[in-house]
């Protein structure tokens, strides 16, 4: 077993590196646990088999090359594992995750295990096409520059008829929002079949565009029970002239997501990604996967927007960590910085960026903080923060747009929003 623990190993530029937070069972030394993680997530199995002799395990095995105790925690360690590039199929997030996190989390020697970060080398990231369009192309399509974009999730999320749904969309867009959004739970239920919804929403889009002179969008949720149906919905959205569709990438799966991203790239649709189910995976501090890994894999799989939490009203430490994965979504090159939870330097080599979407419990009073924290390249999404306005949807949308324009102008004139 311990041949998988190799502290003298020098990592290669082409290795995929992983940082695992391990909690070994009592009595299991951390080196043994680290070796077990490296073995089980690469070439090893529970015993030595004679067919090991038919290949060069030295060439293909994962190696645990460093272990450090976690500050302030008893019996928790960060194990660093290096995987040779040949273990993974090119351009497949599905295969990457199946290999690295597929089996090892049920391991008996471990009480808990969490994948904190992955370093994706350029040699591997270059096999992915990434986001269908990216931040710059999206701005050019929408002709909107120099400010964050505004969105709104239509509420109540379930129960509206297609016609009333379209009316709510129209009021929000007419009031000044850039986007409205299907809730992630809206697919094609008996009271709101997808085709009816798409038609009424398209009508709302074009009416509000004609009246405001701005390009408008609505994230039409194309998520479906199977891939063919999903693509069919995306095709219909494109035929209606909608600029953007949406996908729930964790419940839909990475294979479906990459398929949809390919379609969107080839047909000029933007792709909005919702992270429904993420907390099942990333909520526990000592088990599962950190959201920054889900964010990195999404950037590879493909999406132009992804929900990334809000920061506002959370603890200060959370803020730095959230900004860490916001940078991982947007920037080309991100330096290692443990205070922000970034375990490895990540070089995306000009893969297009993803716009982080701030949504969940935010309203106009948060606007100065949000513009300060997220900057221009983001989507600020107010659901109840728009629709909860005492005068209705359109005035709620106006309030958001006015607040945003005021904050952006104040910032451009040199005022310190954070201090104020």
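Glycine is no exception: its Cβ is also placed from the backbone N, Cα and C atoms.
These figures come from a predicted structure and were not determined experimentally.
Here's what Swiss-Prot has on this protein:
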ACT_SITE  155  active site, proton acceptor
ACT_SITE  274  active site, proton acceptor
BINDING   103, 153, 157, 275, 307, 359  substrate binding site
BINDING   181, 183, 184  Mg(2+) binding site
MOD_RES   181  N6-carboxylysine
SITE      314  site 'Transition state stabilizer'
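In this entry, 103, 153, 157, 275, 307, 359 make up the residues listed for substrate, with the farthest two CA atoms of the set 37 Å from each other. For residue 103 (substrate binding site), the same-chain residues 6+ apart in sequence whose C-beta sits under 8 angstroms from its C-beta are 40, 41. Listed in sequence order, 151, 152, 153, 154, 218, 219, 246, 272, 381 are the same-chain residues at least 6 apart in sequence whose CB falls under 8 Å from the CB of residue 181 (Mg(2+) binding site). Spatial neighbours are here defined as Cα atoms within 10 angstroms of one another, and by that definition the neighbours of residue 183 (Mg(2+) binding site) among the binding-site residues 157, 275, 307, 359 are 157. Counting other Cβ atoms within 10 Å of each Cβ, the lowest count among the recorded positions 155, 274, 275, 307 belongs to 155.
In this structure, the C-alpha atom of residue 274 (active site, proton acceptor) lies 16 angstrom from that of residue 155 (active site, proton acceptor). A Cβ within 8 Å of the Cβ centre of 181, 183, 184, the residues given for Mg(2+), is found for these other residues of the same chain: 153, 154, 157, 182, 185, 186, 219, 221, 246, 274.
In this structure, residue 359 (substrate binding site) is part of a beta strand by DSSP. Note: residue 184 (Mg(2+) binding site) has non-local neighbours 221, 223, 246, 248, 274, 276, i.e. same-chain residues 6+ apart with C-beta under 8 A of its own C-beta.
Taking the Cβ of residue 359 (substrate binding site) as reference, residues of its chain lying under 8 Å away and at least six apart in sequence are, in sequence order, 151, 153, 307, 310, 380, 381, 382, 383.
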